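K.L.:
Once you've had a glance at the structure underneath, I'll fire off some questions.
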Amino acid sequence: MGNGTKTTQQRQPEEDRADLASTAEEEEREQLTAPSNLHYIQPSFISLISEKQWKPDGERQQDVPVYGRTTMATTILTQEAHTNGARMQLIMSILANLTVLSSGMGLGYSAITLHALTSEDNPMRMNSSQASWFASISSFACPLGGLVSGYLLDRIGRKKTLMLINVLSIVSWALIAVCSTTNFDLMYTQILVARVIIGIVIGLVSAPASIYSAEIATPKMRGRLTVLTSLSIAVGILLIYSMGYAVPDDFRLVAGLAAGICVLSLALLLFMPESPAWLMSKDREEEAERSLKKIRGYGAYSQRIPEVEKELMRMRDNVLAQRRAGQESFLRLLKQPQVYKPLGIIIGFFGFQQFSGIFVIVVYAAKVSSEASVSMDPFLCTVLIGITRVVATMLVAYILDTLGRKPPSIFSGVGMLVCMFGLALCSYFPPIESLHWIPTVLILTYIFTSTLGFLTMPFSMLAELFPQAVRGPASGVTVFFTYLMSFCTIKLYPSMVELLGSANVFLIYGAVSLLGVLYVIYVVPETKGKSLQEIEDYFRGMSHGSTPSQEVEEDEVSNLSSESV
């Protein structure tokens, strides 16, 4: 009896200790998963940032290897960080691409103002030659912006380049908003200067936003984030078309509203972190760590995070490899296959984009609608064109990472071919009264199908194909040639219509679309699911047979997180 009592007394402390341990473990799990205590992550014992650790909230706590004490708490924490990281990548990409709205507004501005500026009732109206320069001079200035873009990207970074672009946009729109109302020569000069500035902006803005999105994105999200640049252009075009429809006779007020949008974009950029890849290339490793933690959903946590350190290590290795290769000039680097091959391919892709008439429809939307025998209000048709482009671009964000780049581009080219030949037939044989809707449907279908591939894919792939060492200058050269071709097509369109007739011009655009389909099939590579390093190695002729990519590593983390739920 005494022994039984003694045994019971011995068991009681053991049970109490077990209860205490269980309670302590429960409290620890709550601490680990609380939003304010997410810094309890196992530190890496190999310091990437050397002994100089940044201290956003005071001194770092002593490194304690608590990561892994409770598997469930760790996986819940990791899953929450990955969810926050996906959200942060999207938000930061949207902030970067708000700058691109000005580009879309600049492209579509002439479509909604040419009617008022050339109207017989306007005492300060432009003649046909002056109007064509008004429509095309922005494209003439675009190549300059494309060349400067590469220098600025590498010199001052992605964020400051975007901020500078917004400042230029504000100056351009403000100049039109306050242009003379009594002196035609002064008004025309002010408008042309403003259009030159907005042309430089259009050339500048294409590369920085898409490159920033590609550099902060994981391979799984890169496709849908890089397409945000094309979506922003489409939204900008829709905005300016809608303002033109609402205020058809006051181009100065429309320009003032556009300037206000650019001011808002500039203000929001203050909350966007710089690209970690660019910071690492400038040996600003502490800032790169802070930026990457914020983008990956860990915020300003003081402890080192293994997942973040691995990514920073890859960035550092990439920078060191480039430095070991020597400080070669861009012209010498052009001799390397991983540079000249993608450069030639992407310029060719942009060439088929431009000469198939995509940007002509944007700039001369109201004019093309009339020439294609569209019966509805030309300004309402431009708004429908803008809506169609936005809807199609949003769809592209979902099909990029499911269907890849080539299948949508092939479908796009075939659709453009059919629509252009259809518009040519409508010009040769105007439809009867009951079928006047056909040209409208063909134009909107052309906009929809072109946006699914030929309009968006080259811009999306621009940020994928080039190595880090030449991404800035190579993108600048590409944009230079793209908008040089754009200037030619936009400036020549009125002359081509006068010389050949609108029907034959539509036939030419359809034939170029057919050649573009063949180019995509036989020349353009598929980049779906490949990391930026794998794409670079593809052009080098290297194989990634058994080497796990970053995407595989992310799949493993995602699987770990899903298994714990």
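Glycine is treated like the rest: Cβ placed from N, Cα and C.
Annotations in TrEMBL come from automatic prediction, not curation.
Annotated compositional bias 'Polar residues' per TrEMBL: 1-11, in sequence order. Per TrEMBL, region 'Disordered' is recorded for 1-36, 543-565. Marked as transmembrane segment by TrEMBL: 90-112, 132-153, 165-186, 192-213, 225-247, 253-272, 343-366, 378-398, 410-430, 436-462, 474-493, 505-524. Residues or ranges marked as domain 'Major facilitator superfamily (MFS) profile' in TrEMBL: 92-528.
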K.L.:
Please give the sequence-distant neighbours of the transmembrane segment (90-112): residues at least 6 beyond its ends with Cβ less than 8 Å from one of its Cβ atoms.
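P.N.:
Non-local partners: 134-135, 138, 158, 162, 165-166, 169, 172-173, 195, 198-199, 201-202, 205-206, 208-209, 212-213, 216-217, 221, 225, 228-229, 231-241, 243-245, 248, 251, 254-255, 258, 261-262, 264-265, 268-269, 271-273, 295, 359, 362-367, 379, 382, 386.
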K.L.:
Can you find at least 3 Cβ pairs under 8 Å between the transmembrane segment (378-398) and the transmembrane segment (225-247), where each pair is 6 or more residues apart in sequence?
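P.N.:
Yes, the transmembrane segment (378-398) contacts the transmembrane segment (225-247).
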K.L.:
May I ask for the residues of the chain that lie six or more residues beyond the transmembrane segment (192-213) and have a Cβ under 8 Å from a Cβ within it?
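P.N.:
Apart from its flanks, the transmembrane segment (192-213) reaches 92-93, 96-97, 99-100, 102-103, 106-107, 109, 133-134, 137-150, 152-153, 158-159, 161-162, 164-165, 168-169, 171-173, 175-176, 179, 222, 225-226, 228-229, 232, 255, 275, 459-460, 462-463, 471-472, 475-476, 478-480, 482-483.
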K.L.:
Any residues 6+ beyond the ends of the transmembrane segment (225-247) with a Cβ under 8 Å from its own?
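P.N.:
Apart from its flanks, the transmembrane segment (225-247) reaches 89-90, 93-94, 97-109, 111-113, 206, 209-210, 213-214, 216-217, 253-254, 257-258, 261, 362, 365, 379-380, 382-383, 385-387, 389-390, 392-394, 396-397, 400, 451, 455-456, 459-460, 463-464.
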K.L.:
If I take every residue in the domain 'Major facilitator superfamily (MFS) profile' (92-528) and average their pLDDT values, what number comes out?
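P.N.:
When the pLDDT values over the domain 'Major facilitator superfamily (MFS) profile' (92-528) are averaged, the result is 83.
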K.L.:
Take the transmembrane segment (410-430) and find every residue of the same chain, 6 or more past its ends, with a Cβ under 8 Å from one of its Cβ atoms.
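P.N.:
Those are 352, 356-357, 371-373, 438-439, 442-443, 445-446, 448-455, 457, 501-504, 506-507, 509-510, 513-514, 516-517, 520-521, in sequence order.
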K.L.:
Could you check whether the transmembrane segment (343-366) packs against the transmembrane segment (436-462) - three or more CB pairs closer than 8 Å, residues at least 6 apart in sequence?
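P.N.:
These two stretches do touch.
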K.L.:
Are there residues at least six beyond either end of the transmembrane segment (165-186) with Cβ under 8 Å to its Cβ atoms? List them, or say none.
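P.N.:
Result: 99, 102, 105-106, 124, 193-195, 197-198, 200-201, 204-205, 208, 251-253, 255-256, 258-259, 262-263, 265-266, 269.
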K.L.:
Based on Cβ pairs under 8 Å, which of the stretches 253-272, 436-462, 474-493 lies most in contact with the transmembrane segment (505-524)?
P.N.:
436-462
K.L.:
Are there residues at least 6 beyond the ends of the transmembrane segment (253-272) whose Cβ is under 8 Å from a Cβ of it, and what are they?
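P.N.:
Counting only partners 6 or more residues beyond its ends, the transmembrane segment (253-272) has Cβ contacts under 8 Å with 92, 95-96, 98-99, 101-102, 105, 109, 112-113, 159, 162-163, 166-167, 169-170, 173-174, 176-177, 194, 239-240, 243-244, 247.
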